[in-house]
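Asker: Below is the structure I would like to discuss, written out as structure tokens.
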């Protein structure tokens, strides 16, 4: 009969007829956050008595359930162990909003049994306390069961205590009646850890049934909770617990300290077969319940404990940090389980006469109630306004403080910059003064030596005059003597003995004898040459690396001027190294140069060493003439000082001409070294030579050469030519130190004393032949076909600029990034006026000058790709090294957009070289210039991926990137080649073509991280960066500012789950799995919530340590977390409210292979399988059965392998995957069968591999970044590095891929690549 009463009385309840609680009850504070509503501590306005008020929204769907609950509370709450129901109210809300139902019940001020457990030392209650509480629960259940009512949700949280230690049950009958609502809300039914197996079976099988004995199972679990602090399986995910409870044996007490009566009581309650479980009345007679000590004594102990706890909690306790996250479902904003319920001193429990008190003296107190209500509302509003004002004031103060701090930092930064500029200016001024002082010293030394030489020359002149007079007299005497008669050599007086001859006569005679021995065929020629008084004086000229020193005054030697000599040195001679100064080279004697003198001069010159018998100076060096196309002697001036010089090998074409097989006499000249003695005569002509000659370099080539004297071909055809250089000389202009661009060298005007040599009517035969060969070489080079640049030069030069200077030179955008691809590139041009040498000089890309394309050694296509002329022989040897060490292909970044010269742009001389505010470096092949910033070079065809090894250098990792074209784009460029050849003027001004480009782009953030970047994750638009030393946030929405969030903690892996409001990480020294709350991290930046700062911002997932790798896998509405440990794999799953954390789902320990990489797949939406990679191969664990088996073991590789990635292929129902290891990847299914006859083959061993959501897979190697199709493994594109470097994938979203440079112990930077999705097929 009683069971029918709730249904019969439903019609009697009219929710709309319920009164409004305004003026009767008021809410004081929230004390509980339940699944079905919020529980407040309330106060009766008139009497001040406290009540528990449950507030629920009334919707049309739930009206019937609410009526049932009210009816059950009315009928069955009148028991000493059930919280008493006092009444219900409806709080009306405006249209469009649900009304609120207020259920008013007895208030239990001591909180729940769960709170009692938490506040007890060791989280365990005394056995007699447990027995008392269990007996009181059983009495309440007995009352309900007699009326055929099942509570369905017995647990510690629903068992409350009053101040007098009375036990009350709450929320009975609600769980079952609200099951349909719970299902609609997609939340978990009740609390699974306390649920009986038959209840779970009923959820799985609608035909199954259960009775009131299910409450007794829940009572047994609650008894374990009171004994051990938590129910069994509480660390498990609720879904996993629901699965395990019917399958596991009934739980038991873990500790042996409990009495046998208690253990027997647990065993009686926890009988899995509910039909064999004892009834409520039988359990009431169990010894553990029946044989209890003095009840009054137990209640006194409990009351004292409750009072002590209340005093300790008088101060606001720090609870575990609560946060809310969007689960993409309709949930309440607040989360968490009901916390302890506080009770103020003097509070008492409402009795059954509460309704009478509520309605008494209603008319008399109406006015007073209204006044109190209005006053209270005014006080509340005033309090709210005060709180808002205080908060606003605090926010304003924080803003002002931040503004002052930023202003102070800005001023300090400006002051530092100003000081640095002053220091730099002072240093430059000091260097300039030092340079001027050195120049003055050199000039003084030069003048002093000049005067000394003049005096020495005068002495020699007088001495030679005496010798000449003596020799003339001696000839006259010989003519007078008889031919056969031997006369004395000197005649002064008849009969003078040899001992009486003057000393100078003896010396002359001795020297003549020595000269006859050394060169008997020369004396008469020498005498004739010395007596020639008409030779003009010559100034010395000397050239190193194609740079000619400033003009120096000629030597004044009227009697015996020094004669220029052409010196030929073997091309096989050693290269001039950076450690050798020029004047340290050995000086050759006359005999070593005699052959060259006989060929190249009509006159034989006498060496200086035989002209002065008294000089102790070393022999004077030979002079090296400079030749121009139209002259024998040419000097250039206006050369700026302090220009570092580089020398490289000669061109391959010249090298072939000079090979022994060709029989050319050109070889001895090419590659010759300058010969310089230590005599001051030669050194004084170049006061700044030693300081300007920094070093020589040959890049990857096998030989380096310095210039030799060499004539040019047709005179006057190239007005800007540089004479006297047979090599590819390249000038690197350091604009930061010089402050001005390097200007082209203008030929100096020929001085009058040189005019006789310049207009000389004939040339030596070998020089004429040389000019002819060079003209033929130029014609041959001009007729070469154009060749597309596809290869890459791996050699690079050291950057001499400091890190600070490089940063100053970068073009920073508003978001703190540097457009790596927009850094100006240097394109090749012809050597200034020296086409027969094919010296590809450098053109400054910031300059405003243009050059004729016809003067380029190579020409530029419209798309900006460099074209190199190539002979037929070079075509055959394409891709191989020439004999001099050059690669057959030449590669340049194709970043400069070509166009005709705009109107009004002046056309400068053909050989102009201009630089502007950009430090330039020289490449190692063909003298081609490349930017020092270049770190990524594009390839137009993936087949040329195999490149020569890169050179390790100290160049700063300021990276740039270029466009990457496919073979389709290559064909389009080839089709436009003829049109590109017709371009006569090339605009070398860089144009930012990125916004209109379909090619990928790489940018970088200017921020340098002091420690190695290990991981990163996008949080909104910003980037969380994990390093060896902490967690930082890179503000991508602003100026690229970096905020430190956590210091001195290593972050190995991280993922942001914004819907859950958490950041999942592997962090710390012990590699724990920690979950950080995003709201806490946000407050670390904004500092706008002091309460949040006091609370712990993270929790650990289980007690896991030594985590190696994890993967977050979302399947339908469930988020799984699969974790690789040292020799185990754990699976956790996200539990929504009220848990709101990752909870254990399943564990697989003692694995045969150590997992290094893990993933989770759901086969055909039904079977869960863990895939993991080890040093042996790849393996699978069936989650249901726990069986493990191998799916791929690479047998062709000996030893351990390195697994890189596991990619579950789309549209395969989770059955097929691509597994990447070492430099390979294979396609297999979850049962170990190879699904595709293709192996993904990387060009090199990648350091990082990642799947991106454009259905591609990227590999980061030391030489390149490769992008391949996941479906086929085909190469879609590649970015080459300028030098070997380690890069690491961080994260990706949409069309952006983030990665970082990895430098152990050095600075690291963040890069991101923008992949244009619309053009991926054409890229």
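Don't overthink the numbers, they just go from 1 along the chain as shown.
Note: Cβ is positioned from N, Cα and C throughout, glycine not excepted.
Model, not experiment: these values are computed from the prediction.
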Asker: For the candidates 255, 365, 735, I need the one that Swiss-Prot annotates as phosphoserine.
Answerer: 735
Asker: Among the residues 326, 726, 755, 883, which does Swiss-Prot list with the feature phosphoserine?
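Answerer: Checked Swiss-Prot: the phosphoserine annotation sits on 326.
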Asker: Pick from 191, 552, 1202: which one does Swiss-Prot list as phosphothreonine?
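Answerer: The phosphothreonine feature in Swiss-Prot corresponds to 552.
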Asker: Quick one: sort out which of 213-234, 257-278, 939-960, 1027-1048 is the region 'Disordered' according to Swiss-Prot.
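Answerer: Among 213-234, 257-278, 939-960, 1027-1048, the range Swiss-Prot annotates as region 'Disordered' is 939-960.
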Asker: Look up 659, 901 in Swiss-Prot and give me whichever carries the note phosphoserine.
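Answerer: Checked Swiss-Prot: the phosphoserine annotation sits on 659.
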Asker: Could you let me know which of 611, 725, 796 shows up in Swiss-Prot as phosphoserine?
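Answerer: Record lookup, Swiss-Prot, feature phosphoserine, residue 611.
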Asker: So, in DSSP terms, is residue 153 (active site, proton acceptor) helix, strand, or coil?
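Answerer: Its secondary structure by DSSP: coil.
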Asker: Restricting attention to the region 'Mediates interaction with NEDD4' (290-1010), give the mean pLDDT.
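Answerer: Average per-residue pLDDT within the region 'Mediates interaction with NEDD4' (290-1010): 52.
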Asker: How do the residues of the compositional bias 'Basic and acidic residues' (397-470) split into helix, strand and coil according to DSSP?
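Answerer: The composition, in the requested order, is 74 helix, 0 strand, 0 coil.
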